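> First, the structure itself, so that you have it in front of you.
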Amino acid sequence: MTLWVLGLNHQTAPMELRERASFVGDALPRALDSLRNLPNVNEAALLSTCNRTELYAETTNAQILLNWLEQHRPGLQNHLYQYRDAAAVRHLFRVATGLDSMVLGESQILGQVKDSWSMARTHGTLGNTLDRLFQHGFSVAKHARTNTRIGANPVSIASTAVRLAQDAFSPLNESTVLLIGTGETIQLAAKHLSEGRVQRLLIANRTHAKAQMLASQHGGYALPLTELNLHLAEADIIFSATAAPTPIVTQSNVESALHIRKRKPMLLFDLAIPRDIETEVGTLTDAYLYTIDDLERAVEENRRSRREAAETAEAIIELQVKRYMDTLQAHAHQAPLRRLRTFGTTTRDELLTRARQQLANGRPAEEVLEQLAHGLTNRLLHPPTAALREAALANNTELVRAAEQLFPEKPGYHHPTLQTTIVKTDETDPAS
């Protein structure tokens with residue numbers, strides 16, 4: 001059987017196609033149930049996120065997987081990538097580590113890979129091959145993240161701003177944060193802030209219903225934008241990212257808020273273009289203003305740091321791929337080795353039982369031992385000897401060379417039968 005990965009991601013397909021390709025809600029367990037019934041597919045797992053849909057499977061025929069995908073998610077063929085065996089192993093390790101993510105080094109993907117593994121196990125599509133692969137992938141991701149700084153620094157504007165806020169007002173559970181707007185940047189900031197257990201979260205927006213929805217998701221309080229100035233003084237930290245054409249937080253607003261706060265410092269992040277906060281706010285004592293340009297410099301430095309860490313992580317993954325494939329190779333040879341050992345022990349036990357019976361019947365020990373030795377020799381050597389003769393007649397030099405490696409010729413010792421057979425083959429084989 002062969003290990004395959006078929007999938008698409010943010011690099012190969014646009015958002016609308018990724019949405020159509022995803023398996024969410026009840027669709028995922030139904031898909032796994034369908035995969036379990038496919039012929040010649042021993043194991044399967046589905047990884048489905050907003051940025052990727054991937055099918056991991058053990059099968060002799062990748063076309064079966066392609067046909068299944070076309071049936072369940074038509075129109076993806078031109079956007080799919082396919083990886084096999086070592087390339088498939090490498091791909092999973094890179095995905096779990098965050099090296100294949102839209103945001104380099106992001107950690108959320110590891111949890112999503114674990115969910116994929118867990119779901120496949122629950123629905124009976126996970127066997128020894130994929131279980132071993134995913135478990136090894138988890139270890140590789142942990143090792144890479146522990147031994148590099150691949151995920152150490154934030155690489156989005158929102159996460160960088162939250163990190164600066166955490167550094168300035170630590171801990172956040174003693175701070176009040178005001179978010180202005182409900183767009184993607186503010187949503188991401190709200191997520192990071194709620195993870196940091198901010199004490200109080202206020203959300204102001206022109207459309208109050210959107211503010212209420214975001215507030216309900218993160219345990220905050222919604223405000224109409226018209227009441228912004230009434231609550232400005234309550235905020236230790238302000239994040240603003242709206243589409244307003246002119247600033248909505250003015251120098252005079254902040255000056256009044258600082259007066260009410262008795263000059264207790266305020267930290268303000270203007271994440272909007274055009275700006276939401278007047279630049280003059282940055283000139284006020286006890287008001288610390290950061291703009292997108294300020295944050296972008298920090299973000300780029302963090303990205304550079306992650307790119308450097310990614311090079312080290314890639315080297316770790318290459319080493320782990322080799323080790324994993326070596327382990328698979330070793331496992332592949334276990335079955336014939338077990339059969340060889342079973343053949344040897346069974347032969348030994350059978351002839352030993354016969355010898356003991358002969359001794360019990362009064363047969364001379366020397367005769368019994370000699371017969372036992374001859375019997376063992378003949379029984380154990382007959383199968384490989386016959387196989388080597390057939391190999392020589394068929395000009396199968398690979399098997400003959402393997403035998404020569406196992407039993408190297410010593411000085412003064414010859415294998416006349418084997419040598420004669422090989423010479424005969426060379427002389428009589430018209431193809432040689």
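Numbering starts at 1 and runs along the chain as it is shown here.
Glycine residues also receive a Cβ, built from the backbone N, Cα and C atoms like all the rest.
Owing to the predicted nature of the structure, the values given are computational and were not obtained by experimental measurement.
Pulled these features from Swiss-Prot for this protein:
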type: ACT_SITE; residues: CYS50; note: active site, nucleophile
type: BINDING; residues: THR49, CYS50, ASN51, ARG52, SER101, GLU106, SER107, GLN108, GLN112; note: substrate binding site
type: BINDING; residues: GLY181, THR182, GLY183, GLU184, THR185, ILE186; note: NADP(+) binding site
type: REGION; residues: 410-432; note: region 'Disordered'
> Where the distance is taken from Cα to Cα, which of the binding-site residues THR182, GLY183, GLU184, THR185, ILE186 turns out closest to THR49 (substrate binding site)?
GLU184
> Out of CYS50, GLY181, GLU184, point to the one nearest GLN112 (substrate binding site) in space (Cα versus Cα); all of them are recorded positions in the record.
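Closest by Cα: CYS50.
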> Using a 10 Å cut-off, grab the number of neighbouring Cβ atoms around the Cβ of THR49 (substrate binding site), all chains included.
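Its Cβ shell of radius 10 Å holds 20 other Cβ atoms.
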> Tally every other Cβ atom lying within 10 Å of the Cβ atom of SER101 (substrate binding site).
20
> List every residue in the same chain as THR185 (NADP(+) binding site), at least 6 positions away in sequence, whose Cβ is under 8 Å from its Cβ.
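ILE157, ALA158, ALA241, LEU271 - these are the non-local Cβ neighbours of THR185 (NADP(+) binding site), listed in sequence order.
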> In the same chain, which residues outside the set THR49, CYS50, ASN51, ARG52, SER101, GLU106, SER107, GLN108, GLN112 have their CB within 8 A of the centroid of the CB atoms that define the substrate site?
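Neighbours found: GLY98, MET102, ILE109.
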> In the structure shown, which of the binding-site residues GLY181, GLY183 has the fewest other Cβ atoms within 10 Å?
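Relative to the other binding-site residues in GLY181, GLY183, GLY183 has the fewest Cβ atoms within 10 Å.
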